[in-house]
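Peer 1: A single structure is presented below for examination.
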C-alpha cells in the first residue's frame, strides 16, 4: 500500500473525505466533554513553516498534543527547503526522525517534492496553489450548521487564490455549485477551471454571484508575499466587499465564512464578523478538530502500510 499524503483535497476519495469530516465532529464532541483520547503517545509531528501562521501552528500543535504526541516547530531560520540543501535530501533526513510532517510554504512543488521522498505522511498546511486543511474546517462547519452541502450553492467573492482553488476541488468532490466573483485579471488559474468547469460559474461582479447563495466565502485581497500589490489590489477589489447588503441577496439562512485573519473595511465590512449568519469563530476552531481527524487518518493508514 502506497504511503498516503494530503497535498490537495483530491488525495482523498469522496468517501474518505466524508469520513474525516464525520470524525472531526466526533473528536470535537470528545474534546468538549473533556474525554482524554491519546492514541498517538510518542508520535512526533514536524511542522515546517516558510509562511508564518498563528492558527495553523496552534491547531496542529494542540491537536497532536491532545493525541498524546508532540510537535517540533521549524521556522524559516531553522530550515530553508531547497536553499542550501536539496528538498529531496531534507525530506529523507527529516522524515526519518518524525512520524508525520506538515509544511506551510509558497510553491506547491515544494510539498510535492518533499512528499515524493518522505518516509512518513506529509500534510499541506498551505501553498500558493492550495489550502486543503482550511477546506476541511469549512466543510465541517457548514455541515454542523446546515447539514449536507451537496446540491447547495456557494459564492466565492474575491481573489482566485489558493483558497478558491481548493473550493473548486471541494465543489467537484462534494457536489455543490460554486459561483466565483473576481475582478478581471484575478480569476482562478485556467487549469483549475478547465478540469472542473461543470461545477463552477464565473461572475465579474459580487452581486450576481451572491444571489440565492447558501454560503458566502471570502479571503484577504492581498495574501502573504503580495504586500507590494496592496494598493493596486485595493482598487481592483473595491466592488468585491462582503457586507450586509451583499448577504441580503443570498438565501435567508446563508452562512458567511472567512479563513482569517480578516481586514475589516477591506474584503469585509466593519461589522461583517458580527453578522448573525457569520460562523467564522466556529470555522477557526474547527481547524483543530478537522486536522486531528486528518492526522488520525494518515497515521492509521501508515500503520496499515507497515
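The backbone N, Cα and C atoms fix where each Cβ goes, glycine too.
Not my notes, these are from Swiss-Prot:
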- 53, 54, 55, 56, 80, 104, 131, 132, 133, 134, 259, 260, 287: carbamoyl phosphate binding site (BINDING)
- 162, 219, 223, 224: L-ornithine binding site (BINDING)
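Map the listed features onto the structure and describe their local environment.
Peer 2: DSSP assigns residue 55 (carbamoyl phosphate binding site) to a helix in the three-state reduction.
According to DSSP, residue 223 (L-ornithine binding site) sits in a coil region rather than a helix or strand. Long-range C-beta contacts of residue 223 (L-ornithine binding site), restricted to its own chain and to partners at least six residues apart, with a cutoff below 8 Å, comprise 159, 161, 162.
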Peer 1: At a 10 A cut-off on CB-CB distances, which of the binding-site residues 53, 162 has the highest count?
Peer 2: 162
Peer 1: Any idea what the Cα distance is from residue 259 (carbamoyl phosphate binding site) over to residue 219 (L-ornithine binding site), rounded to a whole Å?
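Peer 2: One finds 7 Å between the Cα atoms of these residues.
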Peer 1: Check the Cα-Cα distances from residue 219 (L-ornithine binding site) to the binding-site residues 53, 131, 287 and tell me which is shortest.
Peer 2: 131
Peer 1: Which residues of the same chain, at least 6 positions away in sequence, have a Cβ lying under 8 Å from the Cβ of residue 55 (carbamoyl phosphate binding site)?
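Peer 2: Listed in sequence order, they are 260, 284, 287.
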Peer 1: Long-range neighbours only, meaning 6 or more apart in sequence with Cβ under 8 Å: which ones does residue 131 (carbamoyl phosphate binding site) have?
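Peer 2: Counting only residues 6 or more apart in sequence, the Cβ neighbours of residue 131 (carbamoyl phosphate binding site) under 8 Å are 124, 162, 163, 165, 166, 259.
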Peer 1: Under 8 Å Cβ-Cβ from residue 133 (carbamoyl phosphate binding site), six or more apart in the same chain: what's there?
Peer 2: 6, 56, 123, 124, 125, 126, 287, 290, 291, 294
Peer 1: How would DSSP class residue 133 (carbamoyl phosphate binding site) in three states?
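Peer 2: Reduced to three states, the DSSP call for residue 133 (carbamoyl phosphate binding site) is helix.
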